[in-house]
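Undergrad: I grabbed these lines from TrEMBL:
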type     : residues : note
REPEAT   : 88-120   : repeat 'ANK'
DOMAIN   : 455-563  : domain 'PGG'
TRANSMEM : 464-483  : transmembrane segment
TRANSMEM : 504-523  : transmembrane segment
TRANSMEM : 543-565  : transmembrane segment
TRANSMEM : 577-600  : transmembrane segment
Amino acid sequence: METNLANSSHSAALRAALTWTPESLPVLHRILTDEPDILTRKDAQGNTILHFLAAGGNATAFRELFEGGLLTRSNGGGGGELRTWNWRGDTVLHEAARFGRVNVVEIIMERERELVSERNAMGGTPLYSAAANGEREVFNLLKVVAAHEELLRRDDGCTILHAAIMGEHYSLAMEIVETFPNLAGAHDKNGNTALNLLASKPVSFKSGSSYWLRNLGSRPFIPLQFLLCLVYLCIPMWINDSKLTGDVEDPQRNKPVICQSKGSFIENIISVVPWLKGVHEVKKKHACALDLAKRLIAKEEDWSHYTNSCGETRRNPLLQAVENSIQELVEEILGKFPEAAYCVDSNGKNIFHIAVEKKDERMYWFLKKNVARKEGMMAALDDGRNSILHFATKPGANPRVLLGSLNQMAWDVYWFMLVYYDSPPHLPWYPNSDGKTATELFEDTHSGLRKDAEEALKSMNGSLLLVSALIGTVNYAAVFTLPGGFNSDRGRPVLYGTDKERDLLLFLWFTGVALYAAFLSLVEMIVIQLSKFASSDFFTALPFRYIVTITALYVSVLFTILACFEAYDIIDLHINVYVFLGPALAVATIVFIDAVYLILCRLCLALCCSLSHRGHMFEAVIVKHSIEEAKLYETTSR
């Protein structure tokens, strides 16, 4: 009975606190008179009524509770309802800081300033909670009294700068770098600095996002992604690097870090259209992340503490950036520390090995263009005696593009051939520690993918054969069933020689082109069905046939639609049928672009690759014969 009464009192007190009204204070006063511990009673997650009030930002409740004498002050760090922890170890001040409740924080700090040094279960202070959640106003309020070195770190060594970067609050992180410059090089217990954390967030940079035109294919529907990229490029941005007044990562909090012209028409459009506003915020986040990277790199005086860590578990941000395909970060690091390009990871892989392994074409071309003495790095071997060609054999997609089995196989073959042409002539026949050459390893690792690509292409081909045959049949029949019919005396079209003659000729031309295109697609499909599907076929042959097939089918559909609308126009339906022509052609074109874009890009790259390296193959063959003759001589001399 007493337990039920206590639970009822707690529920009544919680209800009065959450729905604060002028009658709430008398209710709490009456309950606290009978049960003084009601404010420290915890729910299933360890939260008290005060935790809920702090999270909700009810500053009026705290002020009235203090003025009414219902909250006791702690004496030198002992007692006090405000020091009660929940199961995460958070005090009331932690909760207020986490949700950015500035008014509540001010009231608590006026009476319980010592709470700023309280730590939760992970050792985080309220200042750390504010930084982790990007609450700039609370952070600026707490940093005045919590600027001691020991209050800037958590138990695992993470600083408030680590917290801001992990939460992707980059504008606040830039302010922290300026206020506490010593934190720029601080590392946690795992050896990670702020730059290490930034190098692990590729989506925070333009090169790692789907808004870069070079990353077309990273979203399922390419035309829509192209539209997003155009909006991203055209949308303006007003970032003021010298005056940080808000959090661009979360526009719902604080003031944005932008300088806006009053009454700007574009600004008003962006603010009221959620889609544009989202793209705008992403663009600002990319700019802030790059600016933060520049500031962190500028504060680095020497790169040797990353490359020579003396047995520490510290990672190299340059290798991380190459691994995560963050080209902006790689450019900034190599721009200040060009000697950093010659570092290797724990397995002996250099930046060329990593870029090739990740199949990052843009990074690969950038390194080839900007790294001195690249020939030696491309000829180097890792600890497993793997050459750069061995790394090119690993299956996997371009880091930003979604590929099916057909596109994946075509891309892998192209990538292997590109690295093959760029490699020293002896590498294709150089075995690794497992005794396998790069060519042998490629066939071993891609046998399953090659089979999947063959099955996928044949399955798609079978369905398209039926569609193409149907389109061809329809157009063939249309040629002999012209609108208006034929003259029974001379066998000529009835409309021939009338004012509809021009329209009739257009109809015949449309059906003829559609019939020819359908026939061409049928022929190409049969050729694809009879292909050997060897790995080399995926370099140019199969992609070319696939593109010809899809293009011919698209042309046949296009001209069939035109013939249909022309027939409607000839027979005078007294409606404007051309209203529907534009949408029909647009849908067909969008589907066509989505179907062929990726494979067309791969084919163009493959053709450029083969045309620009024609002499390399003959050189490689000569080297191969030289190696075989040397091995034969060594065998006979024994």
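Cβ atoms here come from the backbone N, Cα and C positions, even for glycine.
Structural setting of the listed features?
TA: For the repeat 'ANK' (88-120), the model gives a mean pLDDT of 91.
When the domain 'PGG' (455-563) is classified with DSSP, helix, strand and coil residues number 81 helix, 2 strand, 26 coil.
For the transmembrane segment (504-523), same-chain residues at least 6 beyond its ends with a Cβ under 8 Å from one of its own Cβ atoms are 464-465, 468-469, 471-472, 475-476, 478-479, 482-484, 493, 495-496, 548-550, 552-553, 555-560, 562-563, 566-567, 570.
Within the chain, the transmembrane segment (543-565) has long-range Cβ neighbours (under 8 A, six or more residues past its boundaries) at 406, 410, 457, 461, 464, 467-468, 471-472, 474-475, 478, 507, 510-511, 513-515, 517-518, 520-521, 524-525, 527-528, 531, 577-578, 580-581, 584-585, 588-589, 592, 595-596, 599-600, 602-603, 606.
Proximity of distant same-chain residues to the transmembrane segment (577-600), defined by a Cβ-Cβ separation under 8 Å and at least 6 residues beyond the stretch ends, is recorded for 216-217, 221-223, 401, 403, 406-407, 410, 543, 546-547, 550-551, 554, 557-558, 561-562, 565, 568-569.
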Undergrad: What are the DSSP helix/strand/coil residue counts across the repeat 'ANK' (88-120)?
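TA: Each residue of the repeat 'ANK' (88-120) counted once, the result is 22 helix, 0 strand, 11 coil.
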